[in-house]
Every structure is written in C-alpha cells, then in structure tokens.
Amino acid sequence: MRSSLTLAGTLWAFLSLITAVASSASYFLPYWLFGSQLGKPVSFSSFRRCNYPVRGEGHSLIMVEECGRYASFSAIPSLAWQMCTVVTGAGCVLLLLVALAAVLGCCMEELISRMMGRCMGAAQFVGGLLISSGCALYPLGWNSPEIMQTCGNFSNQFQLGTCRLGWAYYCAGGGAAAAMLICTWLSCFAGRKPKPIVLVESIMRNTNSYAMELDHCLKP
C-alpha cells in the first residue's frame, strides 16, 4: 500500500499525532496547578479539580479526595478560565483532526497533495495558537477566591502565591509550540508532488484516442 506522504511527511504525521495527543491529554487532566487546602493536596485545570472542601457536621469543612469537573460551565471559577476552556478545547480538536488525516495519508495514496499538506499545516498553526492563547489566559484566573484559598490568599493574576504550575500545563504549552513551529514547517514538504510524466502520458493517451476516432470517422 503506497503512501501519499514523503519521508518528511511521514515524520510530520508522527509528530502531529504526538503533539495532538499530548496537548489533548493535558487539556483533560486536572494537573495544571498544584496547591494545598486544609492540609490536603489540591490540583486544578481550567475546568476540572482534584480534592475540594464540603460542609460536614457542625458546619466544619472537610476535604473530599476525588477528581471531577465543575458541575456546570458557569461554575468554573473565573471568566478567564471559561475562555481558556473554550479556546484550548477548540485547538485540541483542530490538532486531532489534522493528525487523523495525516495518519490516514500514510496508508492511502493521493490523499494528501503538496498543497493539501500546506493547508493542514496552516490549520495546525491555528490549533497551536488557540492552545497557546488558552495557556496565556490561564494565569488571569488566579485571582479568583477559590484559587486564593488554595494558594494561601497570596495569589493574584500571574502571581501564584504558595501554589505552583503543574506538568500538564507545560505539556499543553509544549505540544502547542511543537505544532506551531515544527509540524507547520514539516507540512510544507509532506505531500508528494504530482509526477509530470504521468500527466504527459495521460494527455498523449487521450490525444491518440481522439486521433484514432477522427481517422475512423473520415474513412469512407
């Protein structure tokens, strides 16, 4: 089974899949931000959280040690995190679609042309830009009361207080940067160029066929 990709295109498909999976997995994992509350470790992403306080008997706070998403979109602690959720999710979807098409191009002939590869690279650039924008918006939500309770009441926009950034945040940003820089560049050389000899042979074949039909019609 012949591929529609060049050697550089095969590398592009592999890296596209890696960056898309890395960014998307990081998007869903609640390990963008680490802190502590009531002596228990707490972690956040833009729309998920691990370990949260609830009212127990006697109106005392107890920590529920489990991970989950916020009950609704409006329950996300800040507008910045709501925007981060939307733009990062859109970027991950775009990268996954391009990665899927790139992988199919390894198995299907004439699926991805040189121009199609460049268009897909432009889509990857947009996807990486969206994820990067989400990562840039994330620190704007550190001044919400929920984050301040976790970060020792010292956090503010772009100031973490006692909290620290998690590995999933760096993984999402790294995947977006790789998609924008490396994958976009490789996509320019991903598709195979059309072979001129095949086009000439096709024209000659059609011309000969037309000439034979014309000669047959002119014969008495």
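Cβ from N, Cα, C; glycine included.
Keep in mind that TrEMBL annotations are predicted by a computer and have not been checked by a curator.
The list of residues near the transmembrane segment (79-107) in space but at least 6 beyond its ends in sequence, with Cβ under 8 angstroms from a Cβ of it, reads 1, 3-5, 9-10, 12-13, 16-17, 19-21, 23-24, 27, 46-47, 73, 120, 123-124, 126-135, 137-141, 144, 172, 175-176, 179, 190-191. Per TrEMBL, the feature transmembrane segment maps to 79-107 (among others).
The feature transmembrane segment is assigned by TrEMBL to 119-140 (among others).
Annotation comment: TrEMBL describes 167-189 (among others) as transmembrane segment. Sequence-remote contacts of a segment are chain residues at least 6 beyond its ends whose Cβ falls under 8 Å from one of its Cβ atoms, and for the transmembrane segment (167-189) they are 6, 8-9, 11-12, 15-16, 18-20, 22-23, 25-27, 29-33, 45, 88, 91, 95, 117-118, 120-122, 124-125, 127-129, 131-132, 134-135, 138.
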